[in-house]
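Please read the structure below before turning to the comments.
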Amino acid sequence: MSIVNSVRAQIPPIHREGYPFVGGFALVTLILFWIWSPLGWIGTVLTIWCAYFFRNPARTTPVRDGLVVSPADGRVSMVVDIIPPPELGLGAKPLPRVSIFMSVFNCHVNRSPVAGRIERIVYSPGKFINAELDKASEDNERNSMVLSTEHGQIGVIQIAGLIARRIVSFVREGQPLVAGERFGLIRFGSRLDVYLPEGTKPLVAEGQTAIAGETILADLKGGDAGRIYRTD
């Protein structure tokens, strides 16, 4: 029994958004096995990949006041100062922005970068160009959220990409979130932008690998006081 529990501990659960996809792949796989077994094995591989894509692992989040953690797994594709999109309502001055690109191999469950209350959620229809391009932040379909914290407002934008055609949000305006709490998901490759308060110095660099709920993007308080961690 201990061996079984050990194996289970190493396999993350599937997010509920993935149930229809994994179930569909599994059904097709059974049909393929009935038609011709080699096709069934191909279907098995695709079913396992689909389950892997929708994995929903626990993460250990540092929850000290002022820390901003990554909202997504992926690669830090841009760290720039840029004027935020108007739908965020964060003004017309350039703000620090950290962009994280998620490939189809990354976990796509998105987590709140800070503890705060959701002031605004705005959905914007748009195109589906390559999410790595800078103009994707303005041209692509996206879901924008503003979080109010003791240290200012944080903007978080889920951006669809070439393959990602479905942005899912689990939250509503006025809802409080804790750092690292799951708030959404984007299917099959995309990007997350985080807008930080003016004067904030990002602690990550372009090309760095980020882990949702764990990698620290910035420290709004400065310094490096002791941290407390929460696993979820």
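Cβ coordinates come from backbone N, Cα and C, glycine included.
Marked as active site, schiff-base intermediate with substrate by Swiss-Prot on the basis of sequence analysis: Ser190. Marked as pyruvic acid (Ser) by Swiss-Prot on the basis of sequence analysis: Ser190.
Residue environment of Ser190 (active site, schiff-base intermediate with substrate) contains 33 other Cβ atoms, counted within 10 Å of its Cβ in all protein chains. The residue listed as 'active site, schiff-base intermediate with substrate' carries a strand DSSP state (E or B).
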